[in-house]
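Following: one structure in structure tokens, then a few remarks.
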Amino acid sequence: MTGLAQLTRHRLFWPIVALVVLLLASTLKSHSFLEVTVRDGHLYGAPIDILRRSSILLLVALGMTLVIATRGIDLSVGAVMAIAGAVTLTQIASSPDPGAVSTVAVAMLTGLAVCLVIGVFNGFLVAVLGIQPIIATLVIMTAGRGIAMLITGGQITTVTSAPYKTLASGFWLGLPVAALIAGVFFAVVALVTRRTALGVLIESVGINPTASRLAGVRARTIIWTVYVLCALFACIAGFLQSSNIMAADSNNAGLFIELDAILAVVIGGTSLAGGKFSLTGTLVGVLVITTLTLSITVIGIPVNAVSLFKALVVIVVCLLQSPVVQHKLRARRRQAAPVPVEVPA
Amino acid sequence: MMTEPNTTPIVEMTGISISFPGVKALDGVDFRLLPGEVHALMGENGAGKSTLIKALTGVYGIDSGRIVVGGVDQVFAGPAEAQAAGISTVYQEVNLTDNLSVAENVMLGHEIRRFGLIDWHATRKAARTYLKALNLDIDPKSSLSSHSLAVQQLVAISRAMVVDARVLILDEPTSSLDSDEVARLFDVIRTLRDQGVAILFVSHFLEQIYAISDRITVLRNGSLVGEYTPAELPRVELVGKMIGRALEVLTELEGRSERAVVDRSGTPFMQAIGVGRRGSIEPFDLDIYPGEIVGLAGLLGSGRTELARLLYGADHADSGETLVSGQAVKLRNPRSGLAKSIVFSSESRKTEGIIGDLTVRENIVLGLQAERGWMRRVPRKKADDVVAQYIEALGVRPANPDAIAGNLSGGNQQKVLLARWLATAPKLLILDEPTRGIDVGAKAEIQKLVADLAAQGMAVVFISAELEEVLRLSHRIAVLRDRHKVAELVNSDDVTTDVVVDLIASGGTSA
């Protein structure tokens, strides 16, 4: 009983329940939903599809988690994705040999370099100039797509390049390359934050920046770093997105993804007030959001009602996680228990 | 006047337990309150006084135990329900609205209505009646902020009586009052008591406890020590019951009459020459030798903290020169101070010290970790050893490294901060008000610790608003006034608080 109570109180209990419910509902509707088959040596099926589709959001949410843990927020991630795609694809398109691995590698490095500069810029505004993160990153959020348009010359740049296509559509060891890339980044960030002291220092800065600075923590450097990391992860996400459609669409690449990313972080139990963060939570949050989008079509929700349905699920999960509701639920459980004891003497 | 012991208690709490993550705040505490008595609740910070009050007023839910009010079992879901049952609370910080009138404050939520609209005339008249009942003759129309803190405190009590309180809880009502104001408050308390109101009184001032209480309940570390009448409990015993073991420490420290002579022939650990910062502290000279405790005396805002921050590098000086062990150094930020084995414990424990949501372990290791940088994590084994060592040495309660630091009492948070700095093996320890707002036991322990550390060769800068404390500990005293260092004197038995007060008052010209 107490074990169960403890379980329901766990931060990730309700998000995981939501995930399971979504998967179950989809399976009831389409019995082969959870089936994974091997075709041409690759794994196929809805679960694999969820993993592949989650990769872009996971990369963005990963950076967002770190930024939010320092009490910040990064609204520019979608625009950074657009810029990453624009820079990289323009360079591949203008190269004499778009199919060469070296061309793709150089183009991607250029994209990373540009995004690095953007991350440094964001971090500078927040950590050094002390501008509120939401305002500071709004600059690139609004200007970024314009920059991407300038780079592509207002066109949707399309390319044909087998190595670049592999990023989003390829398989390795039977698994989608995109999911592997996101997985590797997730593992590296998880390892680096929890095996070194970076995680606890980020939390310390997020909880109390002044006290952290006085304790000798390089608060400014840490805040700066998380914005740079966030931009770099958004850049990789931009690669995956543009590789998926093999085009740099400056208007639509990563549109509103910052909101999904923030949502994933929040569902995962990391507070927007900064401090303690959970990368596993973010992973669950990302899976919930992706599964939701996929389930909607499987369950047969009319396309017009998709946003509404999504909103409903999100509201329910957030409600169940809210401290007030949790407290109420617990109080009710406690009150219910002693009633039989109150037999008049 | 004693209350007849056979009166039925108006409040009876039995076996109350409350836990916070990692902290057992109350452990099976019994408490009773009789009508027409003043009952003092005593204990150090962290003993569980506030928690017990919050359990009674429904701010905290209880994990186990029973609360009977007026013969009825009660589970209050919030202060409003407790109030409806006749339990009113006046908190330490006056919980009133400054910019409303006295009448509005007293009657807030109980305004007299006619046809659904507030009848201001009748409301003011009612307010006046409630104020009169406490011998408070002030104009109900006047703005609350135009009155002294003491009067505001009395207004808060009037407000508490509007709900027809049978139980009045006064949580440190006297902490910001002078003696005349306290006397006035006590008159009011006695009047209410004689009307049959049960009064729960919390104060750190022993004299007041003995002046007003009919009964005393002592808590320690979340447990009940006992219930006594003032007659059967002399002061020394009361203190002993409150702090337990710490009493010996206090007497030991008091007995330390001779001060160790500090060898000032060598190179000072730190030399500040004309160091200053515009708008915060005028240029000053200061030498600090190993093993020496330098006390900074001065009023609030005299520049004590500002001086200390320059010594650490929390702010950077815009004039002068700093030498550490004879070598010129630039202290630009806290890290550069830390690199020179200088540490600074801020006066604002909550905002500039403790990282509230992190554990005790993480808080203690933070300084060490900051010194090593993020890549070289302090190995778990080493962290555990260091943390266990300092929890033991400083007597951090609860002795649980995984407790959330924000849940600890003020004194224990201070110890955690001290542990953070001591773990970095500093050569100069700058303590800004390390004993403020903590109870007498923890205070004595911290003072003793500082004296011991200096005896082992650590240089210490000690800041406190309590002159006695500065005099008791320091080898030398720097006196500050209006952001100037105005005097420096070697401490001896001839140096009394009067001498220092004179220096502060005269600005050092007569010395």
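These residue numbers are counts, starting from 1, taken along the chain as shown.
Glycine too: its Cβ is placed from the backbone N, Cα and C atoms.
Copied from TrEMBL, the annotated features are:
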{"type": "TRANSMEM", "residues": "A:12-30", "note": "transmembrane segment"}
{"type": "TRANSMEM", "residues": "A:50-68", "note": "transmembrane segment"}
{"type": "TRANSMEM", "residues": "A:75-94", "note": "transmembrane segment"}
{"type": "TRANSMEM", "residues": "A:100-127", "note": "transmembrane segment"}
{"type": "TRANSMEM", "residues": "A:134-151", "note": "transmembrane segment"}
{"type": "TRANSMEM", "residues": "A:171-192", "note": "transmembrane segment"}
{"type": "TRANSMEM", "residues": "A:222-241", "note": "transmembrane segment"}
{"type": "TRANSMEM", "residues": "A:253-274", "note": "transmembrane segment"}
{"type": "TRANSMEM", "residues": "A:281-301", "note": "transmembrane segment"}
{"type": "TRANSMEM", "residues": "A:307-325", "note": "transmembrane segment"}
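The recorded stretches the transmembrane segment (A:171-192) and the transmembrane segment (A:50-68) share 3+ CB pairs below 8 A when only pairs 6 or more apart in sequence are counted, and are therefore in contact. Scored by C-beta pairs under 8 angstroms, the transmembrane segment (A:50-68) has its highest count with A:222-241, from the stretches A:12-30, A:75-94, A:100-127, A:222-241, A:281-301. Between the transmembrane segment (A:253-274) and the transmembrane segment (A:100-127) there are fewer than 3 Cβ pairs closer than 8 Å, counting only pairs 6 or more residues apart in sequence, which means the two stretches are not in contact. The listed stretches are A:12-30, A:75-94, A:100-127, A:134-151, A:307-325; of these, A:12-30 has the most Cβ pairs under 8 Å to the transmembrane segment (A:281-301).
Simply put, out of A:75-94, A:100-127, A:134-151, A:222-241, A:307-325, A:307-325 has the most Cβ pairs sitting under 8 Å from the transmembrane segment (A:12-30). Long-range contacts of the transmembrane segment (A:222-241) within the same chain: residues 55-57, 59-60, 62-64, 66-67, 69-70, 72, 74, 76-78, 80-85, 88, 108, 111-112, 114-116, 118-120, 122-124, 126-128, 137, 167-168, 178, 181-182, 185, 189, 198, 201-202, 205, 209, 253-254, 257, each at least 6 residues beyond the stretch ends and with a Cβ under 8 Å from a Cβ of the stretch.
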